Amino acid sequence: MQTMIVLDKPSTEANSTFFHHENTTFYKSTLQEISTKPSSALNSSDWGPKRDPLSIVIPITVIYTLTFVSGVVGNVSTCIVIARNKSMHTATNYYLFSLAISDLLLLVSGLPPEIYSIWSKYPYVFGEAFCVMQGFAAETSANATVLTITAFTVERYLAICHPFLSHTLSKLNRAIKFIIAIWMVAMCLAIPQAMAFGVVYETLADGSLVEDHCVCMVKRLVIPHAFEISTFLFFVGPMSLITVLYVLIGLQLHKSTVRPSRGNSVKLKHRVYKQINPALANGDAGEKTVEEEGRKNFAKNAQATKHVVKMLIAVVVAFFICWAPFHAQRLLAIYGQHTSANMIRAFQVLTYVSGVFYYLSTTVNPLLYHIMSHKFREAFKVSDAL
């Protein structure tokens with residue numbers, strides 16, 4: 001979950017600071033013991049201003065609002081187009097439908113309370129149950145988003161590099177089973193972190209609680225090093241796999257643009273082209289016809305291949321940009337040495353940057369995977385006419 005600094009203290013007073021975790025806050029005594037020492041109470045020295053300066057709050061609110069609207073429109077459109085057009089009922093599009101659902105869940109469960117918390121960091125007004133469920137929904141949707149992108153990448157890799165295996169594994173019922181498994185895994189891995197959250201109140205010297213000073217934060221530990229494990233499972237691992245698979249896809253597409261000079265090369269080129277461009281699948285065409293067709297369409301397919309490769313690069317770069325700040329901030333909150341005012345302010349900047357890109361991923365996904373697709377735009381026109 002995305003983290004956000006709540007309290008800004010000078011260097012000699014930074015004995016305790018607490019951080020906002022996607023509308024939940026987790027406390028860190030001396031900013032070094034979060035993984036081993038959750039807090040069940042806060043004292044008066046832990047509370048800072050209820051909100052940051054308007055010069056920060058207003059621009060972030062505008063960005064979040066635009067992100068929410070564009071993300072909802074883009075992902076709802078994706079769901080409608082896939083649901084209404086039978087031609088879009090493919091294994092790949094089923095993964096994209098799942099991705100749109102997880103993005104919508106991330107937006108709806110996270111952004112409205114996030115915007116509220118920007119304007120009022122405390123008291124937390126939504127209650128204990130909402131605190132836990134909000135953490136569960138945010139973790140589940142984030143996990144499902146990353147796992148779905150990874151599964152979709154594997155689907156693309158098999159379709160282009162191993163078409164015969166893809167034909168076996170890409171059946172709709174098998175894709176549905178994979179998607180169900182993705183969501184089950186996402187929910188199971190979200191439970192430990194969700195159970196860690198709770199509402200924590202300021203405690204006075206006599207042991208009484210201050211109702212107006214409460215935050216939703218990590219209250220207890222369920223699994224040691226849970227955030228580090230999450231970073232590996234949902235960023236380092238998927239990022240590495242996606243990069244490798246898209247490099248292999250790019251190499252395969254590059255091979256398809258090499259002009260053949262002999263009969264065997266022509267046949268090979270023709271088979272690869274059929275995977276990329278079904279318009280070349282002429283079935284009964286002889287070798288000479290294939291060669292002529294290949295020469296005729298060589299420039300066209302070379303250009304199309306360059307476009308696809310650029311899209312693949314964009315997907316990898318977008319994944320890194322959207323998720324790297326989020327996980328970097330988590331690790332910085334756990335291991336960083338926040339002993340100076342400058343370091344705390346730098347962490348605050350990283351907090352807002354990671355928050356923006358964290359939610360921005362929900363608008364980038366439909367843009368990269370569907371809206372830029374000619375087939376999707378045509379299907380959208382058909383859906384709009386229904």
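Using the three backbone atoms N, Cα and C, a Cβ is placed for every residue, glycine included.
For 74-369, the entry in TrEMBL reads domain 'G-protein coupled receptors family 1 profile'. The average pLDDT computed over the domain 'G-protein coupled receptors family 1 profile' (74-369) stands at 76.
Annotation comment: TrEMBL describes 56-82 (among others) as transmembrane segment. Residues 88-89, 93-94, 96-97, 100-101, 103-104, 107-108, 111-112, 114-115, 118-119, 352, 355-356, 359-360, 362-363, 365-367, 370-371, 376, 379-380, 383 of the same chain sit 6 or more residues outside the transmembrane segment (56-82) yet have a Cβ under 8 Å from a Cβ within it.
Marked as transmembrane segment by TrEMBL: 94-112 (among others).
For the transmembrane segment (132-154), same-chain residues at least 6 beyond its ends with a Cβ under 8 Å from one of its own Cβ atoms are 1, 21-24, 92, 95-96, 98-99, 101-103, 105-106, 109-110, 113, 126, 178-179, 182-183, 185-187, 189-191, 193-198, 216, 234-235, 238, 241-242, 245-246, 315, 319, 323, 361-362, 365, 369. Here TrEMBL flags 132-154 (among others) as transmembrane segment.
The transmembrane segment annotation in TrEMBL covers 175-201 (among others).
If you look up TrEMBL, you'll see 229-249 (among others) marked as transmembrane segment.
The feature transmembrane segment is assigned by TrEMBL to 308-326 (among others). Sequence-distant neighbours of the transmembrane segment (308-326) (same chain, 6+ residues past either end, Cβ-Cβ under 8 Å): 2, 146, 149, 153, 234-235, 238-239, 242-243, 246, 249-250, 253-254, 276, 350, 353-354, 357-358, 360-361, 364, 368-369, 372.
The transmembrane segment feature in TrEMBL is assigned to 346-368 (among others).
Among residues of the same chain six or more beyond the transmembrane segment (94-112), those with a C-beta under 8 A of the stretch's C-beta atoms are 22-23, 64, 67-68, 71-72, 75-76, 78-79, 82-83, 134, 137-138, 140-142, 144-145, 148-149, 151-152, 155, 172, 175-176, 179, 182-183, 186, 359, 361-362, 365-366, 369-370. Residues 142-143, 146-147, 149-150, 153-154, 156-157, 160-161, 189, 193, 223, 312-313, 315-316, 319-320, 323-324, 326-327, 330-331 of the same chain sit 6 or more residues outside the transmembrane segment (229-249) yet have a Cβ under 8 Å from a Cβ within it.
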